[in-house]
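Asker: Below you will find the structure I want to go over with you.
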Amino acid sequence: MVRIAIAGAAGRMGRNLVKASHLNPEASVTAGSERPESSLVGVDVGELCGEGKFDVFLTDDLTKEVDNFDVVIDFTAPVSTLANLELCKQHGKSIIIGTTGFSEEERELIDEAAKQVPVVMAPNYSVGVNLVFKLLEKAAKVMGDYCDIEIVEAHHRHKVDAPSGTAIGMGEAIAGAMGNKLSDVAVYAREGITGERTKDEIGFATIRAGDIVGEHTAMFADIGERVEITHKATDRMTFANGAVKAAVWLHSKPAGFYTMTDVLGLNEL
């Protein structure tokens with residue numbers, strides 16, 4: 001049984017992670033944290049997600065619970081995720097990172113930490129999305145040289161970063177399959193007189209509206225035909241279930257940087 005701590009357990013995603021951990025027969029929720037100013041500190045985490053009492057109470061600092069968990073699942077914000085990563089380094093704990101919006105310097109800190117503790121980091125923990133990443137690699141190898149490639153993503157009005165980590169992950173999968181770095185070919189905004197589209201660019205368009213959980217489409221457009229690969233999420237539990245699956249998988253692994261491709265064995269396809 002893997003003992004799991006949920007960072008940001010009172011948030012929308014946090015509550016789903018608590019529930020997913022509780023429902024997974026190989027996992028147990030043994031700690032949960034929230035910001036010190038939250039009025040929910042001290043509340044039973046089971047009651048937060050509607051699953052009854054767990055006798056596990058929301059803390060304002062996971063350091064207080066460090067003996068009670070094996071793996072942290074963190075879908076919060078870069079600053080708090082890096083603080084929890086440091087905690088894991090100091091105490092030999094594993095961490096699942098679902099937070100997006102890291103700078104290049106922050107990504108380097110994560111890479112360094114992975115030399116000391118096991119880390120899974122992914123822009124999306126849905127099994128379907130990670131299969132899409134693999135399909136995009138194959139499509140890019142077949143069609144990338146002669147098609148225009150565009151990525152469109154849509155999320156709820158509360159999402160604070162753009163484009164989404166998943167959209168960037170799609171772009172990285174496509175660019176990598178074509179032997180490019182995404183930073184060299186990405187175009188994140190178009191406005192005014194932009195001139196004609198260049199051959200190699202990968203364009204991104206972002207929508208923020210309503211309660212959209214997450215929709216992503218990669219378009220390979222040629223003259224006379226267009227291939228679109230789309231994933232639509234309708235429930236955050238799909239991400240939560242994938243993250244808990246990753247936590248169970250990671251618990252037995254040595255220090256290193258892993259992705260959902262490793263968790264799901266997609267490199268074997």
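Including glycine, each Cβ sits where the backbone N, Cα and C put it.
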Asker: The NAD(+) site in Swiss-Prot includes Gly8, Ala9, Ala10, Gly11, Arg12, Met13, Gly98, Thr99, Thr100, Ala122, Pro123, Asn124, Tyr125. Which of Glu26, Glu34, Glu37 is also listed there?
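Answerer: Looking at Glu26, Glu34, Glu37, the one Swiss-Prot places in the NAD(+) site next to Gly8, Ala9, Ala10, Gly11, Arg12, Met13, Gly98, Thr99, Thr100, Ala122, Pro123, Asn124, Tyr125 is Glu34.
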Asker: Counting Cβ neighbours within 10 Å across all chains shown, tell me which of the recorded positions His156, Lys159 comes out on top.
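Answerer: Output for this query is Lys159.
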Asker: Pop the Cα-Cα gap between Thr99 (NAD(+) binding site) and Lys159 (active site, proton donor) into the table, whole Å please.
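Answerer: Lys159 (active site, proton donor) and Thr99 (NAD(+) binding site) have their Cα atoms 12 Å apart.
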